[in-house]
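The structure under discussion appears below in the form of structure tokens.
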Amino acid sequence: MESLFPAPFWEVLYGSHFQGNLSLLNETVPHHLLLNASHSAFLPLGLKVTIVGLYLAVCIGGLLGNCLVMYVILRHTKMKTATNIYIFNLALADTLVLLTLPFQGTDILLGFWPFGNALCKTVIAIDYYNMFTSTFTLTAMSVDRYVAICHPIRALDVRTSSKAQAVNVAIWALASVVGVPVAIMGSAQVEDEEIECLVEIPAPQDYWGPVFAICIFLFSFIIPVLIISVCYSLMIRRLRGVRLLSGSREKDRNLRRITRLVLVVVAVFVGCWTPVQVFVLVQGLGVQPGSETAVAILRFCTALGYVNSCLNPILYAFLDENFKACFRKFCCASALHREMQVSDRVRSIAKDVGLGCKTSETVPRPA
């Protein structure tokens with residue numbers, strides 16, 4: 001079994017279960033089209049190692065970046081704005097899913113799931129939670145930007161950090177509508193003499209599979225993207241229609257800067273997720289990736305979804321002056337702390353050497 005991310009509706013369009021979070025396992029198509037441990041010819045070892053290496057690089061870089069983002073927001077009071085509260089939620093979801101990459105990478109290399117039932121359920125649930133919390137959070141950020149740009153008076157009451165926190169809680173609650181059931185249905189089972197981490201679709205599978213697939217596709221991607229598109233269309237019309245959104249040029253620049261940041265984050269998200277969504281639609285039309293090239297492309301498109309989780313901190317550093325200043329302050333403080341530690345260590349060694357020299361000078365030589 002080789003678990004894939006991030007489209008759990010891939011297999012359920014056709015069959016009884018999927019493995020991990022995205023799989024080609026399917027009981028209704030010819031067996032030679034299936035992607036599992038018994039068909040490792042689809043992916044050579046070198047390609048598997050390349051994909052797993054990409055996973056590990058994304059995992060390490062993404063964890064460092066997202067943890068730094070969360071630290072900066074928690075550490076600095078001025079960073080606790082409504083937009084940054086949503087960014088914190090996005091970083092939290094990305095951090096959780098990045099923690100699953102070592103397990104999924106091991107699964108890809110070995111061709112089976114070696115971590116047991118409990119961890120299988122956990123990884124599956126985190127994949128789904130990340131999928132929904134990310135899209136819902138980006139949607140909330142876009143609506144938040146729309147209110148700030150198009151309804152500045154109402155924004156004074158609506159756009160508060162406490163209300164943003166409440167929205168984040170609601171986002172996780174909504175994601176639980178899918179996350180909890182798939183965690184219950186997920187299990188490590190023996191399939192084709194290999195242990196696989198999979199989700200069993202309830203019977204009748206011919207009915208619930210497509211229903212589940214369509215709902216996931218609509219609510220995790222299409223509807224959020226449509227809402228985001230409407231919000232930004234209205235914002236662009238507003239921004240073109242007025243020279244100043246507020247009475248202050250400085251405040252106006254900040255509004256436009258933050259709006260641009262959110263737009264870029266959304267655009268990168270859609271760009272990273274669209275390829276695998278296209279694969280899902282292609283399979284939905286009955287086309288199965290039956291060649292090594294098709295499977296390899298699918299793997300890298302899946303990895304691209306993970307790459308998105310480590311790109312956001314980089315975007316914040318380049319596009320937001322406040323994040324850039326906080327990141328620079330953190331890095332400089334860390335470097336200064338290391339220099340002080342080295343300096344203290346050098347002084348301590350010098351002191352010890354000096355005491356040793358004094359002692360040797362005062363000890364009388366034997367006659």
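Numbering starts at 1 and runs along the chain as displayed.
Glycine too: its Cβ is placed from the backbone N, Cα and C atoms.
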State, for LEU119 and THR293, whether Swiss-Prot gives them the same topological domain name and hence the same side of the membrane.
yes
Candidates CYS120, CYS150, CYS272 - disulfide partner of CYS197 as recorded in Swiss-Prot:
CYS120
Using DSSP, tally how many residues of the topological domain 'Extracellular' (107-121) sit in helix, strand and coil.
10 helix, 0 strand, 5 coil
Cβ neighbours within 10 Å, counted over all protein chains: which one of the recorded positions CYS120, CYS197, CYS331 has the most?
CYS197
The transmembrane segment (262-282) and the transmembrane segment (122-143): do they have three or more Cβ pairs under 8 Å, with pairs 6 or more apart in sequence?
yes
Same chain only, please: residues at least 6 beyond the ends of the transmembrane segment (163-185) with a C-beta under 8 Å from a C-beta of the stretch. Say none if there are none.
8, 82-83, 85-86, 88-89, 121-122, 124-125, 128-129, 132-133, 136-137, 140, 144, 199-202, 216
So how many other Cβ atoms are close to ASP127 (site 'Important for G protein-mediated signaling'), meaning within 10 Å of its Cβ?
25
For the topological domain 'Extracellular' (186-208), report the average pLDDT of the model, please.
79
